[in-house]
Amino acid sequence: MEPRQCASREQFSIMIEFMERHGDILRPHPGVQGRLKSDQMWKEVTVLLNSVGGGVQKSADKWKKVWADLKTKTKKKYLNIRNKSQGTGGGPRRCPALTMFEERVVAVIGTHAITGQPGIQEQGFIRQPSEVPFEPSQREDIHVEVPSSQNTTSRVPSPPDTLRGISPPPPVPTSSSPRRTPSPPRSPPVQTQHFSRTTSTPRSTTTTTPRRSLPRARRNKGLNPFDRAASEFVAIEKRRLENEMAKEKLLHEREMERLRLEAQRIELSRQQNTLLQELAVIGMNIIKCLTPQQLDSGFINE
C-alpha cells in the first residue's frame, strides 16, 4: 500500500485556522525581523500539522507549497465564478460554489489580492533607451582654445553626422607672431585643448538608480530547510529532556520530604510509646508500694 501523499481534511482545517489567527505567513513583513518571524511561524504550524494522527508528514517547505497551491486553486475558482456571474446572456448559469475551506481562504488572503485594487491602473516597466537619438537640428559647435601669445580662440564647426563617431584631429596652433626656433635647453610649451559642447535643445537628464543586488555571500548565508528543521527538532528534544529532568528532580525532592516527615512521625510515636511504658512501670511500682501498707492497715482494723 503506497503512503498517503495528500494532506487530510483535518490538516487543511488546522492550517487555515492558523492562517486566520496569524494572517498569510507566506507573505511576511519586509525586513529581517519579518522573515525570521515568518520562518518561526512556519516551524510552529509544521509541528502542529505533522502531529495530526492519520495525516501526512511534510517539511516546512512542502507545507508552504501546499498552502500556495490551495491559494492558487481558490483564486482561479473565485475568478471563474465572478466572471460567469458578471457575464451577459440568458439562461441559468451553473457555477460551482466555493466550499467552506475555500471561503475561509478567500477571507484570509482578501478579495483585493485576487481581483486587485479598484481604480488603480496597471503600468508596465519604463524602458530606458540605450542611446539618445540625434536630430539634425541639434547642431553642436566645438570651441578649441589653444593658448598662444595672443590667447586667441578659434571656432570650429561641428562635424557631420557620419563623422561624429570619429575623434577630431589635433588643432593646429595659430599665431600672428613669426615662428621662433626654440633653444635646445628649453622645452616646448604644452598645449591644452578645452572642448565645450553647447546644444540648442536640452537633453533629457533622467537618472535611474541601479537595483542593489544582495551579495552572494549574504544570499548563500544560512542553512538549508532540512538542516534548519533538524536543528529545530534537536532544540525541541533538548528542551523536552530538560523539562522531564526538572520534573523528575521535583518529584524526587517531594518524595524525600515525605519520607523525612514519615520518619519524624515514627520517631514521635516511638517516644510516646517509651513514655507510656515508663509511666506504666511507675504505676506498677506505686501499686507495689501501696499494697503492703493497705494490708497492714487492714490487719490493724480487725
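Here the Cβ of each residue, glycine as well, is placed from N, Cα and C on the backbone.
TrEMBL: automatically predicted annotations, no manual curation.
Copied over from TrEMBL, here are the features:
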COILED    238-269  coiled coil
COMPBIAS  147-156  compositional bias 'Polar residues'
COMPBIAS  196-212  compositional bias 'Low complexity'
DOMAIN    8-79  domain 'Myb/SANT-like DNA-binding'
REGION    134-226  region 'Disordered'
Grab the pLDDT values for the domain 'Myb/SANT-like DNA-binding' (8-79) and give me their mean, rounded.
89
Taking DSSP states H, G and I as helix and E and B as strand, how many residues of the domain 'Myb/SANT-like DNA-binding' (8-79) are helix, strand and coil?
53 helix, 0 strand, 19 coil
